[in-house]
């Protein structure tokens, strides 16, 4: 299940060979043998990729053809932002986890879609693939929980006075996170050679070339061309609309799986106290939501099944609904809680309440 080495010696140890973990693996392996299906996405993923790219291209073409008005700039900017978020969740995410295809080159191509969208697939591979997937929701280690100084996402994080209102201001602020990520975080992380407390090797060779080419390509299509065609003001508004739509979508989807009342937030001390069952840890810190919403599942690349994804990251998201039934049944047999929220609206309210509780300064115990 773990396929990346840790980048920091946290003295946190996971056991991936517990009876529960091994039984999960056996049953999932049996599912693929019985169905004869590939663990990758196959032709269905190719079609899905083409549809979302067509959405992005049509939105961008609409901008160039009809973007003379401020309304058109905003509308097509929002549409491009939603399309880029869809590509990130449904295409790049599978590629980055080697789950898009059984062919390594195809996975690499799918992963580098993120570079065209503005973020570094190289940094993502460490930040998300290594740190988040290994140390999920462990305060002070999982860098994805760190939204300081703007937000307090976990009980062990310091509380500031402005956090009292985070349940109100974080929703629009999520829209700025992708622009910060694209414009600042990637460069800062690589310049310092660190992601939080974790060391990160600076990219070389092909990785460096992809990083540079991706940034140039993104800022050319998303910022420079709109400015040259429509002027500075409309070009900046387009980029802002794109970033807001993409940022809110990506951030909220992540938060609904991890920063909600149902999830656990172990401290480093708690995580170091004993070797943790990796599968049980993932089910304790990750919450699935709206599993019956097929349209949502299609758009977010199965990230409403993030508990399943954390257990089997090398399996295409197209298989998550089937695997969720296996995980839920196996967890019940082993007395492990499988956390799931039935509706999208319920998950949104849970995140709202969690932001409010964390903003109050409450040191909430484990769920």
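The backbone N, Cα and C atoms fix where each Cβ goes, glycine too.
The domain 'Fatty acid desaturase' feature in TrEMBL is assigned to 69-341. Averaged over the domain 'Fatty acid desaturase' (69-341), the predicted model reaches a pLDDT of 94.
If you look up TrEMBL, you'll see 45-64 (among others) marked as transmembrane segment.
For the transmembrane segment (208-230), the list of distant contacts is 60, 63-64, 67-68, 73, 80, 112, 114-118, 120-122, 182, 186, 190, 202, 236, 238-239, 242: same-chain residues at least six beyond its ends, Cβ to Cβ under 8 Å. Taken from TrEMBL, the feature transmembrane segment applies to 208-230 (among others).
Taken from TrEMBL, the feature transmembrane segment covers 236-257 (among others).
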Inset, instruction - Sort out the residues at least 6 away from either end of the transmembrane segment (45-64), same chain, that have Cβ-Cβ distances under 8 Å to it, and list them. - result: 72-73, 76-77, 79-80, 83-84, 86-87, 90-91, 94, 100-101, 110, 221, 226, 229, 238, 298, 316, 318
